[in-house]
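Just below is one structure, and these are the notes that go with it.
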Amino acid sequence: MTEQMTLRGTLKGHNGWVTQIATTPQFPDMILSASRDKTIIMWKLTRDETNYGIPQRALRGHSHFVSDVVISSDGQFALSGSWDGTLRLWDLTTGTTTRRFVGHTKDVLSVAFSSDNRQIVSGSRDKTIKLWNTLGVCKYTVQDESHSEWVSCVRFSPNSSNPIIVSCGWDKLVKVWNLANCKLKTNHIGHTGYLNTVTVSPDGSLCASGGKDGQAMLWDLNEGKHLYTLDGGDIINALCFSPNRYWLCAATGPSIKIWDLEGKIIVDELKQEVISTSSKAEPPQCTSLAWSADGQTLFAGYTDNLVRVWQVTIGTR
């Protein structure tokens, strides 16, 4: 008897790539998805056989692709970043923008909330990392020892006893920053291509990075060293740790690989069955991943504008 993933359904509603998905333990029947259609959709999960969820509300306001979205820990607010160069804070009860964050000179590629929701970090194509308060005031711009190329992803560690930010960029580097003084703690060197994503484990002890070279590299955040590398075999667009299993999920081109980190083995590989009329048609790429808070459901966003929903099931292999 092994755990495996079963496709449960899809969420249809976007008219552009699904760039990010956010879940919250406060509201297990709600998820948010960001898209290149310039909107964020708030979904009500019905878990019906035919339709896994219905679009309840579209958050509109960005004038270009929405690149990232996260939900505050109380489930009341969402934070988004866009290629229009701004961040927006949304009140999820009303669906309105409560703050616009202006300061980046180019596309915002990534946004994150600190665990206490008091600080916000953003990464941009202007090669800077900015720290903001929730009132929309930029408190600090990291330029010293910053990335020499686009900053593709920024994340806070959830561990409040080790307050750090992890970033990655198109300069192939993973950087760890001390949140107290915004100074560089560690440069993690090893990737051979540009990086798309970095994610921190739920306990804050390690992080994983991935991008063009198809390698998921794992780094020890306490010791500041490289642990091991998992071969994804294709460009890595997104990475996320399971909230309750020692698993790492990677969006590798059109498929999703799930590794058990204890044995460093693949638990499952998720591919969507594409009935293609021409063999030259490229299958949709997986661009975003998010687990439900209970770790039983995996949401995946794709370049065919769909969110596919997979569930952990017990099966016989």
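Indices start at 1 and increase along the chain as displayed.
Note: Cβ is positioned from N, Cα and C throughout, glycine not excepted.
Per Swiss-Prot, the feature N-acetylmethionine maps to M1; the stated evidence is a large-scale study or a structure entry.
The annotation N-acetylthreonine is assigned in Swiss-Prot to T2 on the grounds of experimental evidence.
For T6 (among others), the entry in Swiss-Prot reads phosphothreonine, with the evidence type a large-scale study or a structure entry. A strand conformation is recorded for T6 (phosphothreonine) in the three-state DSSP classification. T6 (phosphothreonine): 12 other CB atoms within 10 A of its CB, across all protein chains.
Counting only same-chain residues at least 6 apart in sequence, those with a Cβ under 8 Å from the Cβ of T10 (phosphothreonine) are Y52, L306, V307, R308, V309. Summarising the annotation, Swiss-Prot assigns phosphothreonine to T10 (among others) and lists a large-scale study or a structure entry as the type of evidence.
Cβ contacts within 10 Å of Y52 (phosphotyrosine), excluding its own Cβ and spanning all protein chains shown: 23. As annotated by Swiss-Prot, phosphotyrosine applies to Y52 (among others).
The C-beta environment of K130 (N6-acetyllysine), restricted to residues of the same chain at least 6 apart in sequence and closer than 8 Å, consists of G103, H104, V121, S122, S124, C138, Y140, T141, V142. The N6-acetyllysine annotation in Swiss-Prot covers K130 (among others).
Shown in sequence order, D144, E145, W177 are the residues of the chain, 6+ apart in sequence, with a C-beta less than 8 angstroms from the C-beta of K183 (N6-acetyllysine). Per Swiss-Prot, the feature N6-acetyllysine maps to K183 (among others).
A C-beta separation below 8 Å, combined with a sequence spacing of at least six in one chain, links Y228 (phosphotyrosine) to M217, L218, K264. The phosphotyrosine annotation in Swiss-Prot covers Y228 (among others).
Residues or ranges marked as phosphoserine in Swiss-Prot (evidence: experimental evidence): S276 (among others).
Annotated phosphothreonine per Swiss-Prot: T277 (among others), in sequence order.
If you look up Swiss-Prot, you'll see S278 (among others) marked as phosphoserine.
Per Swiss-Prot, phosphothreonine is recorded for T316 (among others).
According to Swiss-Prot, the repeat 'WD 1' annotation covers 13-44. Residues 53-60, 62-71, 73-75, 78, 80, 82, 90, 92, 95, 287-294, 299-303, 305-307 of the same chain lie 6+ residues outside the repeat 'WD 1' (13-44) yet bring a C-beta within less than 8 angstroms of a C-beta in it.
Counting only same-chain residues 6+ beyond the ends of the repeat 'WD 2' (61-91), those with a CB under 8 A from a CB of the stretch are 16, 19-27, 30, 32-36, 38-40, 97-102, 104-113, 115-117, 120, 122, 124, 132, 134, 136. What Swiss-Prot records for 61-91 is repeat 'WD 2'.
Long-range Cβ contacts of the repeat 'WD 3' (103-133) within its own chain (Cβ-Cβ under 8 Å, at least 6 residues beyond either end) map to 64-65, 67-70, 72-74, 77, 79-87, 139-143, 146-160, 163, 165, 167, 169, 177, 179, 182. According to Swiss-Prot, the repeat 'WD 3' annotation covers 103-133.
Residues belonging to the repeat 'WD 4' (146-178) score a mean pLDDT of 96 in the model. As annotated by Swiss-Prot, repeat 'WD 4' applies to 146-178.
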- Item | Maximum Cβ pairs under 8 Å to the repeat 'WD 5' (190-220) - stretch from the list 146-178, 231-260, 281-311 | 146-178
- Task: Residue list, the repeat 'WD 7' (281-311) vs rest of chain: Cβ under 8 Å, 6 or more residues beyond ends.
- Result: 5-12, 14-25, 28, 31, 33-35, 37, 43, 52-53, 237-240, 242-245, 249-256, 270, 272, 274
- In three-state DSSP terms, Y52 (phosphotyrosine) is classed as coil
- Note on the structure: DSSP output for K130 (N6-acetyllysine) maps to strand
- Neighbouring C-beta atoms (10 Å sphere around the C-beta of T2 (N-acetylthreonine)): 10
